[in-house]
Amino acid sequence: MRPLIVIGNWKMNGSLAKNADWIKTVCRGMEQGMPAGRQYAVCVPSPYLAQCSQLIADCSLAFLSLGAQDVSAHVSGAHTGEVAASMLKELGCKYVIVGHSERRQFHHEVDEQVAEKALQVLDSGMTPVICVGETADERNSGREEEVVRGQIAKQVAVLQDRLADCLIAYEPIWAIGTGKVASAQVAQDMHHAIRLQLAEFDVDVASHVGILYGGSVKPDNAVELFAMPDIDGGLIGGASLNPSDFLAIARA
Ligand SMILES: O=C[C@H](O)COP(=O)(O)O
């Protein structure tokens, strides 16, 4: 049985004061009781990892994990501005997002690089959250499955069996930050297609991999999405900035 996993992605938002308030509010809320067998995390900007790691450690119950939003594809060395997976691990990260569409679109990241980053994350003992998804044009021209299939195929080629230790986030680009959430059925159909594709490679890998949905998840649509058989949780952007909304989605 795959656990339901809810991960917040603050993107480039936050401040020392706001982060402290958010983590204290969420920890207090989680201490009131959460559904059993679920996992929660928040992926914060790199400069705030140390602060948030300490704040999370100060929570009396270990409900919440820490994550990062990107990582270098290199182990160490002359890569100015990059952050190594080993550094994220040292700071207490459990999850690292790789291949978010904003990295693909604005930083020209390609599937091969995304897979290399995922390998670095795995080698450092963390879980990569590998993002895939199609644009509005690709969906409108009926190519959404072909596009996502191509992205997944590149991950399978590099990661092979190690995909069993990864999470996949299906994030249709047209739904990110737009308020246009994919209907639960549209999301389920793509999640099912991804699982079938993984099963072509290895049935065990396919049954183990958690597939999260991301794109305009809010407290009022999370219940229906998370009820779908192939949707194993969510990667939450905008709504994760508000601690009450994050808690409501985490309980959905
Ligand atoms: O990583 C999160 C996704 O990009 C979704 O963002 P959103 O919930 O603001 O649409």
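Cβ coordinates come from backbone N, Cα and C, glycine included.
All TrEMBL annotations are machine predictions without curation.
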Quiz item: If TrEMBL says N9, W10, K11, S216, G237, G238 bind substrate, which of G77, G150, G177 does it name for the same site?
Solution: G177
Quiz item: Any idea what the Cα distance is from H100 (active site, electrophile) over to E171 (active site, proton acceptor), rounded to a whole Å?
Solution: 8
Self-check item: The one of K11, H100 whose CB sees the fewest other CB atoms within 10 Å, among these recorded positions
Solution: K11
Practice problem: Compute the mean position of the Cβ atoms of N9, W10, K11, G177, S216, G237, G238, which form the recorded substrate site, and then list in sequence order the other residues of that chain whose Cβ is within 8 Å of it. | Solution: I176, I236, A239, S240, L241
